[in-house]
Amino acid sequence: MRIQGINHLLFSVKCLERSIEFYKKALGAKLLVKGRTTAYFDLQGIWLALNEEPDIPRNEIHQSYTHIAFTVGEEEMEEAYERLAGLGVNILKGRPRDPRDRQSIYFTDPDGHKFEFHCGTLNDRLDYYREAKPHMTFFDD
């Protein structure tokens with residue numbers, strides 16, 4: 001078996017209507033279908049699904065660094081920040097960052113799922129780590 005890529009992303013949400021508005025306005029996702037407790041979007045070719053599950057505890061989600069990062073052009077980072085701020089999105093304080101590691105904006109959806117807009121690539125990150133973090137071990141093919 002060979003993994004061919006990510007098939008879809010699904011998030012459990014407390015309020016489907018509130019989350020639909022967030023994903024449409026904050027991420028520009030196109031709503032494809034909405035049911036009583038589920039919604040499907042097209043997010044720049046990514047299948048994004050929401051399931052309304054109002055009774056699931058969500059306390060621990062705020063303590064985790066787990067997140068999904070989307071690529072945004074470096075020239076669009078300020079516009080992305082202003083868009084999120086204008087929508088009243090919860091923008092998180094990012095970690096201290098070396099300029100070689102490029103820019104990021106961290107934020108949450110209404111249920112606390114963390115997202116990042118990042119303008120760097122994996123190779124940018126690896127090059128930076130090779131220069132700045134001698135304690136790391138790299139495994140090249």
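Every residue, even glycine, has its Cβ placed from backbone N, Cα and C.
Model, not experiment: these values are computed from the prediction.
Here is what Swiss-Prot records for this protein:
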- 5-120: domain 'VOC' (DOMAIN)
- His8, His67, Glu116: Mg(2+) binding site (BINDING)
- Glu116: active site, proton donor/acceptor (ACT_SITE)
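Recorded features from Swiss-Prot, shown on the structure.
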{"residue": "His8", "record": "Mg(2+) binding site", "Cβ neighbours (10 Å)": "11"}
{"residue": "His67", "record": "Mg(2+) binding site", "Cβ neighbours (10 Å)": "15"}
{"residue": "Glu116", "record": "Mg(2+) binding site", "Cβ neighbours (10 Å)": "16"}
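The average pLDDT for the domain 'VOC' (5-120) in the predicted structure is 90. Assigned with DSSP, the residues of the domain 'VOC' (5-120) fall into helix, strand and coil as follows: 32 helix, 41 strand, 43 coil.
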